[in-house]
Every structure is written in structure tokens, then in C-alpha cells.
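Colleague: Here you go, one structure.
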Amino acid sequence: MHVCCPPVTLEQDLHRKMHSWMLQTLAFAVTSLVLSCAETIDYYGEICDNACPCEEKDGILTVSCENRGIISLSEISPPRFPIYHLLLSGNLLSRLYPNEFVNYTGASILHLGSNVIQDIETGAFHGLRGLRRLHLNNNKLELLRDDTFLGLENLEYLQVDYNYISVIEPNAFGKLHMLQVLILNDNLLSGLPNNLFRFVPLTHLDLRGNRLKLLPYVGLLQHMDKVVELQLEENPWNCSCELISLKDWLDSISYSALVGDVVCETPFRLHGRDLDEVSKQELCPRKLISDYEMRPQTPLSTTGYLHTTPASVNSVATSSSAVYKPPLKPPKGTRQPNKPRVRPTSRQPSKDLGYSNYGPSIAYQTKSPVPLECPTACTCNLQISDLGLNVNCQERKIESIAELQPKPYNPKKMYLTENYITVVRRTDFLEATGLDLLHLGNNRISMIQDRAFGDLGNLRRLYLNGNRIERLSPELFYGLQSLQYLFLQYNLIREIQAGTFDPVPNLQLLFLNNNQLQAMPSGVFSGLTLLRLNLRGNSFTSLPVSGVLDQLTSLIQIDLHDNPWDCTCDVVGMKLWIEQLKVGVLVDEVICKAPKKFAETYMRSIKSELLCPDYSDVVVSTPTPSSIQVPSRTNAATPAVRLNSTGTPAGLGAGTGASSVPLSVLILSLLLVFIMSVFVAAGLFVLVMKRRKKNQSDHTSTNNSDVSSFNMQYSVYGGGGGGGGGHPHAHVHHRGPALPKVKTPAGHVYEYIPHPLGHMCKNPIYRSREGNSVEDYKDLHELKVTYSSNHHLQQQPPPPPQQPQQQPPPQMQMQPGEEERRESHHLRSPAYSVSTIEPREDLLSPVQDADRFYRGILEPDKHCSTTPAGSSLPEYPKFPCSPAAYTFSPNYDLRRPHQYLHPGAGESRLREPVLYSPPGAVFVEPNRNEYLELKAKLNVEPDYLEVLEKQTTFSQF
């Protein structure tokens, strides 16, 4: 059976043709793309295929190899394009070797920023004949050698900022005859070599953020005659005589050429002031200015720029007090009279510099232009670096800030000095939020409305000097959280309220000199890191340490000169605080004005105890040697001064003689003091010991002299009358037969002791016999003695006579029964019979009485007196009229060694061993050989003068 195919319809045929056409189109597109890619790779090179994206625009290829981790240039190959920009920033290149760019002849811009390049070897840029811009910013370069940039003869733009460059060799830019823009900001340059720019046609130079203090005219500035933009900010400029040439040169170039300010860092009297505000007399007050001035120059011109005469943006400066005493209001600025003012036009880069071809890199330094609106009465210029507008309205007789029309757009700096402004209102700066500097000096401002600066959050410098402000309050500075420099000198300020500076925590410089301040509130500087404070020329008599001076922990310089300081107790704490400041911190000496004795005297030179004689105690902690360093902004150790409730010192400890003492001297001094103390202590110890020994020796010798002054000898003979010489210290062996007794005078008048003139002590041997003798010995209640008087003896019957073994002379007869009476009455003398001083019954000792030598002292005769009756003369000792007037009896008791001393008859008896009694009977036991000699001396009477001399001698003793 035959089956035929179904007929093909028109619709199906159309569908097939469309499908086939789509396949062909897709195949063609793929083929074209492949061919195109192959052609691109073949045209741009491998760098655009594998490593980096490439983009061609306006006949220029941009090769973006940024942040690819490239360590060496061997990892990439040069693109195959006539002109290209090679961007290699953000990689890891550390060194550039010779001839590494020899095949990159088409490069016109080379970005090598943000790598870690430390060295560029000679010939590294060979082959870059067409390079016009080179970026080496944010690397680690330290040196630019003479041959660093060899091969870059056509270079126009060089950026090497944010490195560590401290040295530039003199010919480093000598071959760069086309260089116009040089950016060297934020390095470590402290100076530039002479003739560095001699063959370089620079028009833009950025030297911000280095360590430059001077820029000489000869050899440097004289070769920069084509500069149209210069940036010198953030350098520690030394505003001295050497900077006069820079000031003259800046005045000779275009007013708009200087971008930013040249702010003085030193000296302190000019710190924080712009160079164009400082007169030459202030820069060089003691030398001839003409020696430092720049030589006259012809007006300079720069292609493509309209030049105007420099407008002086002067602010009346505080004159140096070292030359003359400044008036109440400072003089006007030193702007040259009749100097024409020409309003400068905004600067636009000329086309012949080729900036339009620099691409995005030119935006690194400049931005798109902004509308320029300037008040009619002022002159303005645009600061290209930050597109800030500088508005100069100096000396325009402006009475109100509201008169400035039209309002300037985004002003960065406004100079309104030398006008007639009296009030600053809240609405005056509503549209100036980006303001960095506001100069209102030398007006007539007497009132500033609360929060008038509330919208100026970016303001860093505020000049209110030379006005009529009388009071400062916290509301005045509200909103100025970024303020760093505040100038309030030459006003009428009498009062500063507590917390005035709380809204300005970043304040570093405060000038309050030449006002009428008498006191500062407690805590006025709390929370601040002030580096420089000027209080010169006020009415301070003292400043408390607590709450004021102790909060100034970061000071670099402070000026307290020209105040009527009252050098009394109130300034003791301040003086001690000043003495602990480091050298150079205090500007000029603090001079006393009162009291009169200290007038015109340096406070440091006066000892603290002289300032405050009636001091109590002031405790000051001495700074450690590390505090000699320049204070930082962190809180350092502050002097601890103990003060009273008023904040003034309570008194004084020890005055310090110097503001600082080297550590070595301090250690040596302490060592010497320690050694001296040891020697002094040893000497005192030896002296005390010698005195103690001497006292003991004197006491012993005195006792010996008291005993030996009675030349008495005692002898005890054994049985049978055996002889032996007696001795005062001889021991008694046994009792023998009675020996003959001899009554003798004292032998010589000097052997008696006169009556004492007074009591020496309570010791009985030094007590007088006047008055009740028994009462004189009441302290000796523990001793037992007995006494009896002559009257008692006379009432007793005489004993029977006893025949002695040897017949003595009549004067030497012993009374019968004497031994028995001695047993009962213990040593009775004609005047008194004093018993032996015996110990207590419970402390009996077989040792004989040690005080036996004090008994038996001579007794005055009752019938012969040498002193007339009724005479006022002192009673002198009595002497016997004849030897026969004496009756002898033994006045001591001899006992065997084994016998004990017996107690006395009662406690009421006299208990006194007589020492200072008048001469009386002396009972001795002479030996046989001395008997005749002793007998011969019985008839000797002493001379009266000898007696008187002896009494005087003992009175002195």
C-alpha cells in the first residue's frame, strides 16, 4: 500500500529558515568576538590579558595594576601601545633596580605610590623618556640622591610626599629642566640645600608638614621666581632676624601665591602668630634690620597668572616687652601707606601647563572650581589646596559683620581687623561653618552674644585681641570644640567665670596678657592641655597652686612677668611651683613689687623662710630627674603643695635654693651627708663615754679626798703590845690591851673641813647642822644609828678608875669603864656620840662599818670662841685654848672580824656621820715612834688667814 508524505506547509518552512538564520548569526558573533580578542591581545600585549585590566580612551591606554600584590616588575610586561598610564600603586615593590623601565618608553604617567620602596638605584628610570608625571608618595624613601632621577628629562610633576626624606642632595633635581610641580609635604626635611632649584622652573611647591625653621633667600628663594603656589604650613618657623628675607620675598610675590600661613613657633612672644602679621621690628628687635632684608627685586611675573600687589593681612601684634613697655592698646600694623589695593582674580591653571592631561592625579592637589562670591568691601582669593576662600576685610571701616554682602561662600579665613565692630551677634557666622581662622583683632568689641560662635565647629584660631571685652563666660566659646589658639590680649578683662574654657578642650595656646585680671577661678584650666600660657601685664598679686597652677601639667612656656606680685606668705606655694619648672619654661623672671624690702627682686632669689617667717608647714614633692624633660601632653607628676582652704600655702618647709639639681650632685651630696653623720655620731658617742668615765673618776676621787682630808691613822695592836703601823684601811684582827690615847689638834689647819654654806644634796655628809639635826636625816629611816649628847654623858656617874698597862701622859688617860659604855652607847664623842651606821637587822653582815672614817670629827670648844658676840660675820670654827682643855675618849669601836655590828638604841637618835663639823677632839692610835711628834703639835694654833683661805677654798668646792 503506498503512503505519501504530508505536504510541507508555509509556516513550517518559515520556522526552519528562521532557526537556521539564528544559528548563523550566533556563529558569526562568536567568531567576531574571538577574532576581536585575539586582535586586542596582539595589540595591547599580555599585560592586559592576564594581569591588569586595560582601558583605552582618547588614544591613551590606562593599565590598572593596582593592589595586585606585585613584588617585582618582572611579573608584568610592558603594554603594546604608544601612550599609556601605568598604575602600580598599592603593591609590594621594595626596590627599583637599574633599567627595570627600559622597555616602558610609552609611559607618560607612572604611579608607584603606597608601596614599600626604600631605595631607587641609579638608572632605575632609564627608558622613561616620555614620562611627564611620577608619583612616589607613601613609601619609605629617606634620601634623594643626585642621580635618583636620571633619565627623566621631560618630567613635569613629581610627588614624593609622605616619606621619610630627611636629606636632598644639591643636584637631585639638577637634570629636571621641565619640572613645574614638586610635592614634598610630610617628610622630615629640616632644611634645603643651596641652589636646589637653580635650574628648575617650579611653579608649585608644597613643603607642608616638615621641620623647616628657615628658608634663606640667597641660593634658594632667589631661584623660585616662577612660583605661583607655595604651601609652607605646619613647620616650626623661627621668627627671628633670619626670617626677614622670607617675609620680604613673600611680600614681593603674588598675594595669592602663598597658600596657608607661615605661623611662628619660636620665640614664645611671637608663637602662634602669622608671619605677615609680625613687623620686622618684632622679628629683629636688637639688630640692624637692613642686614637681613632681601635685596630689591623687580616685579615678578608668571605666565598665565594675573599679579596683584600683596595685600597685607596684618593683625596688630603684641610688641616685645624686651624693648619697651607696650601701651594699653597695641600700635597698628606696618602696612605700607598708599599701597594700591587690587582685587585679585581667581587663579585658573593655564592650558600650556598641560594639567588637563594629568587625569585623576591632579585632583589629588586641586578640586573642581567653586563659585567665587566676595563681599563688596573686601578682597578674596581662592586657596586651591582645599578650595578655601580667604576673605580680607582689613581696615574697611566696617561697623557690623552683617554689612558684608554678598556673603562669602565657604570662607576658610576671614580677616576683619582694624574696623569699628562693637558687637558680635549670633547670626553673623551662620553660613561660615567651614571657617578655620577668624581674626577680629583691634576692633571695638565690647559685647559678644551667647553662642555667637556656635556654628564654627571647625574653627582652630580665634583672634579677639585689642578689643574692650570685660568678662569671659562659658557661653562665649560655646561650639568651639576644635579651637586650638585663642588670643585675648589687650582687652579690659577683669573676670573669668568658672568653667569658661570647658567648651574648648583642644585649646593649646591662650594669650591673656595685658588685661586687668586679679584672680583666676579654681579649676579654670581643668581638662585642658595648655602648652603656652601668657598672663603678662595683669594685676595678679599671687596665684594659688591648688586648682590653678597644678592643672598646667603640659606647659612648654608660661609668661608671668609684669604683675604686682606680693611676696609674702601667699606666694610661697607659687614660688616652689616655679622653682620646679624646667629651664626655658618660664619666660622672664617673676619680680616682686611688694613689700618694699623685696621690691624689684627676683622671686626665685628670695628664700622661702624670708617670704613667710611665721610659716607652719609646706610639703613639696621634689621632681624626679625624668621631669627635667620637656613636658608632654599627658598628665605629669605635679608638685604636691599642702595648702590651706584659701588655696594659698599654709607655710613653709625648707627653702630650695635652685630650680633644678643634677642627679649626680644630689647623690654625692646625700653620700657626704651620710658619711658626716656617721662620724659625728661616733664622736658624740666617744665624748659621752669619756665624760661618763670622768664623772665616775671625779666621784671616786672626791670621796677619797673627803676621807683622806683627815690624816687619821688607825692601828690595832695584838696582845702583848706588839707594835705595828696603823693604816686607814687596815683590818681589825683582834682586841688587845688598851693603848695610850693622844689628844692632838688637826695637825694642820688645812686638814679640817669648814662648815658648809649650803646644802649640796640630801646626802647626810653634805647637810648642814643648823636646825633640827634629826630632821636632816629623815631619809635614812632604813638605817639604825644612836646618838647621845654631852649633857647625857655628864649625868652618868664616872666609872671606877682602871690602871693601864702603860702610863700615858695626863692628857691621854682613858676613862674607866669606857669599853662598857661603848657597848651600850656606841661611839660617843664629847659633843655627840654617833653610833656606827649599821644595816637593817635582816641584812646583818660581818663586814665592819665602812663609814667609820667619818666619825670622831673635832668638836668646838664651848669656852673659846673666835667670833665676837653679836657679830654679823659668819661663824668660824672654834679652836681649843689649850691642849689641856680636851678630854679624850675613843670614838670608834673595835670588833673582831666575826662580830656583828649592833643596832642603835632607837630610831630617834641622830643618824649622821659628822663630816662638816668644827674642829674638836680627834682620837687616834699613834704608834710609838710618832708619840713625841704628835705631842709637840698639841700646842700649835692655826693662823687666822690660813683658816679663812681654807674656808674660801672649800666654799668654792
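Every residue, even glycine, has its Cβ placed from backbone N, Cα and C.
Take a look at what Swiss-Prot says about it:
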- 623-632: compositional bias 'Low complexity' (COMPBIAS)
- 796-811: compositional bias 'Pro residues' (COMPBIAS)
- 235-286: domain 'LRRCT 1' (DOMAIN)
- 365-407: domain 'LRRNT' (DOMAIN)
- Asn103: N-linked glycosylation site (CARBOHYD)
- Asn644: N-linked glycosylation site (CARBOHYD)
- 82-103: repeat 'LRR 1' (REPEAT)
- 106-127: repeat 'LRR 2' (REPEAT)
- 130-151: repeat 'LRR 3' (REPEAT)
- 154-175: repeat 'LRR 4' (REPEAT)
- 178-199: repeat 'LRR 5' (REPEAT)
- 201-222: repeat 'LRR 6' (REPEAT)
- 410-431: repeat 'LRR 7' (REPEAT)
- 434-455: repeat 'LRR 8' (REPEAT)
- 458-479: repeat 'LRR 9' (REPEAT)
- 482-503: repeat 'LRR 10' (REPEAT)
- 506-527: repeat 'LRR 11' (REPEAT)
- 529-550: repeat 'LRR 12' (REPEAT)
- 1-40: signal peptide (SIGNAL)
- 41-664: topological domain 'Extracellular' (TOPO_DOM)
Colleague: Any residues 6+ beyond the ends of the repeat 'LRR 11' (506-527) with a Cβ under 8 Å from its own?
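Modeller: Residues 271-272, 318, 326, 328, 465, 481-494, 496-500, 533-541, 543-544, 546-548, 551-552, 559, 647 contact the repeat 'LRR 11' (506-527) from elsewhere in the chain.
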Colleague: In the repeat 'LRR 2' (106-127), how many residues does DSSP put in helix, strand and coil?
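Modeller: Going through the repeat 'LRR 2' (106-127) residue by residue, I get 0 helix, 7 strand, 15 coil.
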Colleague: Which residue counts does DSSP give the repeat 'LRR 10' (482-503) for helix, strand and coil?
Modeller: 0 helix, 5 strand, 17 coil
Colleague: Which of the three DSSP states, helix, strand or coil, fits Asn103 (N-linked glycosylation site)?
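Modeller: Where Asn103 (N-linked glycosylation site) sits, the three-state DSSP reduction gives coil.
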Colleague: May I ask for the residues of the chain that lie six or more residues beyond the repeat 'LRR 8' (434-455) and have a Cβ under 8 Å from a Cβ within it?
Modeller: 261, 313, 315-316, 329-330, 332, 388, 410-426, 428, 461-470, 473, 475-480, 487
Colleague: Count up the helix, strand and coil residues in the domain 'LRRCT 1' (235-286) according to DSSP, in that order.
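Modeller: Its residues fall into 22 helix, 9 strand, 21 coil.
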Colleague: Are there residues at least 6 beyond the ends of the repeat 'LRR 5' (178-199) whose Cβ is under 8 Å from a Cβ of it, and what are they?
Modeller: 137, 153-166, 168-170, 172, 205-216, 218-220, 223-224, 231, 353, 365
Colleague: Near Asn103 (N-linked glycosylation site), how many other Cβ atoms are within 10 Å of its Cβ?
Modeller: 12
